[in-house]
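Annotation source Swiss-Prot lists disulfide bond at CYS28-CYS116, CYS32-CYS112, CYS40-CYS122, CYS52-CYS89, CYS55-CYS73, CYS56-CYS85, CYS62-CYS98, CYS115-CYS133. According to Swiss-Prot, the repeat '1' annotation covers 26-81. Annotated repeat '2' per Swiss-Prot: 83-141, in sequence order. The signal peptide feature in Swiss-Prot is assigned to 1-25.
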Amino acid sequence: MAVHKEVNFVAYLLIVLGMFLYVDAKACTRECGNLGFGICPRSEGSPLNPICINCCSGYKGCNYYNSFGKFICEGESDPKRPNACTFNCDPNIAYSRCPRSQGKSLIYPTGCTTCCTGYKGCYYFGKDGKFVCEGESDEPKANMYPVM
């Protein structure tokens, strides 16, 4: 009987420790950020609803395709330091595919977003337009303390 109690205790302990490892140990503070806007490279457009962009101004990490699905190029512009490109549309590009495809591409206003609560893969800028940080959260965290 004592062996069963020890086994149960060890199993319970492993489950509790596993839960602590699974939970994100990093807690974000409740202060609001002073961010101006955020850019999150996202998939856009489709063969039937093409986008207006060119390879120079397309985001690094995003691939651009024509309406038949043929690869045209990878974006060349780093959201942290955008290229000085013309804003001419490349008529060959119909749509993009980026690693993160959900949510908005431009976050404005940022509300109470901080670098800690912002999405990984999104780039946040101050009100002066200068790069501040990349988001640190794998998933959006609920804002428990909304701006009053």
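Using N, Cα and C of the backbone, Cβ positions are placed for all residues, glycine too.
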For the repeat '1' (26-81), jot down how many residues DSSP puts in helix, in strand and in coil.
0 helix, 17 strand, 39 coil
Greatest C-beta neighbour count within 10 angstroms, which of the disulfide-bonded residues CYS28, CYS56, CYS62, CYS73, CYS89:
CYS62
What is the one among the disulfide-bonded residues CYS32, CYS98 whose Cβ has the most other Cβ atoms less than or equal to 10 Å away?
CYS98
Distance [Cα-Cα, Å, rounded] between CYS73 (disulfide bond) and CYS122 (disulfide bond):
21
According to DSSP, does CYS115 (disulfide bond) fall in a helix, a strand, or coil?
coil
Listed disulfide-bonded residues among CYS28, CYS85, CYS98, CYS116, CYS133 whose Cα sits within 10 Å of CYS55 (disulfide bond):
CYS85
Model confidence over the repeat '2' (83-141), averaged pLDDT:
84
Quick check on the disulfide-bonded residues: of CYS52, CYS55, CYS112, CYS133, whose CB has the lowest count of neighbouring CB atoms inside 10 Å?
CYS52
Cβ atoms near CYS115 (disulfide bond) (within 10 Å, other residues, all chains):
15
For each of the disulfide-bonded residues (CYS85, CYS116, CYS122), count the other CB atoms lying within 10 A of its CB, then report the residue with the highest count.
CYS122
Based on Cα coordinates, which of the following disulfide-bonded residues are within 10 Å of CYS28 (disulfide bond): CYS112, CYS115, CYS122?
CYS115
